[in-house]
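**Student:** Once you've had a glance at the structure underneath, I'll fire off some questions.
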Amino acid sequence: MIGSEMSTDIQQQLDTLREQLAYHGHRYYVEDNPEIPDAEYDRMMQQLLALEAEHPELMSVDSPSQRVGGTPLDSFTQVKHELPMLSLDNAFNDEELNAFEKRLLDRLITAGHVSYCCEPKLDGLAVSLMYENGVLVQAASRGDGATGENITTNVRTIRSIPLKLQGEGWPVRLEVRGEVFMPKKGFDELNARALKKGDKAFANPRNAAAGSLRQLDSKIAATRPLSFYAYSVGVVEGMDLAESQYERLVQLKGWGIPMCPEIRQLKTINDVIAYYQDIGERRQSLAYEIDGVVIKVDDVETQEQLGFVARAPRWAIAYKFPAQEEMTLLNNVEFQVGRTGAITPVAKLEPIFVGGVTVSNATLHNADEVARLGVMIGDTVIIRRAGDVIPQIVSVVESRRPDNAQAITFPITCPVCESNVERVEGEAVARCTGGLFCQAQRKEALKHFVSRKALDVDGCGEKVIEQLVDREMVTTPAGLFKLSAGIVTVLDRMGPKSAQKLVDSLANSKETTLPRFIYSLGIREVGEATAANLANHFETLEAITAASKEQLLVVPDVGEVVANNLLNFFREAHNMDVVEDLIAVGIHWPAIDKPEEGVELPLDGKVVVLTGSLSQLTRSDAKAALQALGAKVTGSVSSKTDLLVAGEAAGSKLTKAQELDIEIWDEQALVDFMNR
């Protein structure tokens with residue numbers, strides 16, 4: 001009995017210390033308004049650490065002590081995002097921003113106006129934080145938007161991120177999305193410490209933040225001055241959030257999640273432009289690096305009406321600041337050959353620090369761009385990081401041109417294989433005619449073929465492809481599938497286990513889908529979305545290869561240029577040989593599953609809303625099942641809603657559906673309907 005009372009007393013001490021440390025940590029790291037001296041905070045933390053060391057059975061994942069880091073990891077595991085983490089389209093001037101609003105209004109078919117939620121575009125790393133019953137259970141990087149890395153142990157060390165939400169009334173599951181960044185002051189102090197120890201300094205705060213989040217040892221991450229601001233939500237289960245983007249962030253702030261103090265609700269696009277100008281003027285005085293502002297439609301229901309394109313929401317845009325510029329010398333020009341044979345002039349520059357990185361190369365794109373710039377070897381040029389990412393030559397300082405400046409001469413034969421170079425009428429790009437005979441094209445074509453979005457061959461990276469081509473072990477995509485583990489072991493850093501893993505991965509990749517196969521062929525201008533549209537429209541590879549231009553133009557996302565590229569590709573005998581060889585080595589895919597003509601789907605055209613927590617299905621599985629039955633799944637209840645599927649703890653959406661006399665199913669009713 002005494003032991004039980006003692007255990008209860010210790011648990012109460014731990015709970016009190018954890019609660020006080022969480023409160024004072026929030027006051028210090030988020031509100032910048034400490035209530036107690038640092039020494040008192042440190043004393044409480046030491047007391048907590050001592051108690052937890054004595055009673056490890058009472059350890060809690062949301063304890064403030066978890067911020068100091070744990071046992072180093074061997075590697076990061078992959079995390080599949082339940083909802084994709086999309087990127088944003090960009091605007092670089094007021095005209096492009098006004099065009100963005102016009103697209104919104106045209107799509108909404110309204111002459112009215114749209115209100116916006118605006119925020120600085122932080123130069124950091126996008127992350128997803130998953131809270132279950134108020135406790136942080138997982139943090140993941142954005143990755144490619146569909147799959148990221150599990151960085152939970154590192155994110156737990158970020159003091160401004162609550163390990164447990166404050167207050168009450170939060171959703172059962174809540175995914176918070178935001179930006180991890182390193183404030184300027186912390187970055188400067190980190191680099192000063194590194195230089196003092198003789199270590200290499202980070203180039204910019206973004207690189208420092210990225211390097212910190214990818215530390216396998218979270219104790220190192222815990223020493224880095226990282227911070228976080230939320231900018232949106234992903235998965236929400238168990239209750240409905242506010243119908244305003246801005247108000248949702250205010251809700252998050254009430255639960256202890258940091259919100260950028262510069263976020264504003266604005267009524268008109270002119271207000272947005274004024275906000276952009278104001279933030280731009282104050283950019284250097286802000287505590288963190290930014291490269292523009294993000295503009296989002298504020299009303300969540302309107303966001304859902306606008307929807308998404310392949311990689312970005314239609315309802316948001318990043319308005320970038322003019323890129324930083326510097327002057328440097330153009331020492332030489334080299335010509336690179338790309339996957340489709342495009343020959344690109346690359347300027348070799350005197351290294352210059354611009355926009356946070358050292359730049360020594362910049363693309364000159366093509367002969368038209370060289371002529372437009374009037375640039376010569378030996379010139380002093382102004383270099384800019386377009387969108388603060390891609391180095392670009394924007395002009396020549398002709399007053400500094402030396403007497404020995406040389407004109408840039410384009411090759412008439414390929415610099416790699418010496419095949420003829422041709423420039424098709426109406427195109428700016430010159431191309432090598434060598435095809436797979438050209439090593440450069442062969443390498444790039446094979447790299448594309450095995451890439452994640454194509455055949456997704458694990459263990460077949462760039463260096464492996466380069467060695468296979470350089471050693472003339474593979475000349476066509478089909479040749480990859482004829483490799484044996486014994487042959488592959490001759491490659492650098494390729495032991496028997498790695499070789500067998502590569503061969504097994506190649507064998508597994510033979511089972512693919514028609515959209516992936518079309519994309520893997522590397523047809524110019526045919527991306528993932530176009531490949532999927534072609535597959536869904538024609539259903540078979542034979543129908544695609546035999547299609548006329550008129551038939552191709554009927555396909556969504558296929559215009560004149562793409563149609564011509566498809567026709568030209570499949571008319572080339574050597575391209576059809578590549579396709580037939582791939583089929584011959586066993587590449588295959590399931591038939592496209594489409595409903596029979598004239599067959600009406602059970603929920604065809606019905607507008608369905610999902611709400612509450614589901615126990616038998618995941619939210620994504622339920623949505624996919626409803627869509628397969630013909631339904632249009634939306635996120636908010638309105639007079640247009642035909643059906644509400646309500647799980648446990650359904651909130652205001654259920655109430656609204658009842659008020660509007662909308663048909664309501666529970667989860668079991670949906671499962672039964674699916675199994676009919």
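Note: Cβ is positioned from N, Cα and C throughout, glycine not excepted.
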**Student:** Record says Cys414, Cys417, Cys432 bind Zn(2+). Source is Swiss-Prot. Which of Cys438, Cys460 does it list for that same site?
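**Tutor:** Swiss-Prot lists Cys414, Cys417, Cys432 binding Zn(2+), and from Cys438, Cys460 it also lists Cys438.
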**Student:** Out of the recorded positions Glu40, Leu88, Lys121, Arg142, Lys296, give me the one sitting nearest to Cys432 (Zn(2+) binding site) by CA distance.
**Tutor:** Leu88
**Student:** What is the nearest of the recorded positions Glu40, Leu88, Lys121, Lys296 to Cys414 (Zn(2+) binding site), using the Cα of each?
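**Tutor:** Going through Glu40, Leu88, Lys121, Lys296 one by one, the closest to Cys414 (Zn(2+) binding site) is Leu88.
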**Student:** From the Cα of Cys417 (Zn(2+) binding site) across to the Cα of Arg142 (NAD(+) binding site), what is the distance in angstrom?
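**Tutor:** About 39 Å separates the two Cα atoms.
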**Student:** Long-range neighbours only, meaning 6 or more apart in sequence with Cβ under 8 Å: which ones does Lys121 (active site, N6-AMP-lysine intermediate) have?
**Tutor:** Ile290, Asp291, Gly292, Val293, Val294, Ala318, Lys320
**Student:** At the Cα level, what's the spacing in Å between Lys296 (NAD(+) binding site) and Cys417 (Zn(2+) binding site), rounded?
**Tutor:** 49
**Student:** Rounded to a whole angstrom, what is the C-alpha distance between Cys417 (Zn(2+) binding site) and Glu40 (NAD(+) binding site)?
**Tutor:** 71
**Student:** Distance check, please: Cα of Leu88 (NAD(+) binding site) against Cα of Cys438 (Zn(2+) binding site), rounded to an integer number of angstrom.
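**Tutor:** Pair distance, Cα basis, whole Å: 36 Å.
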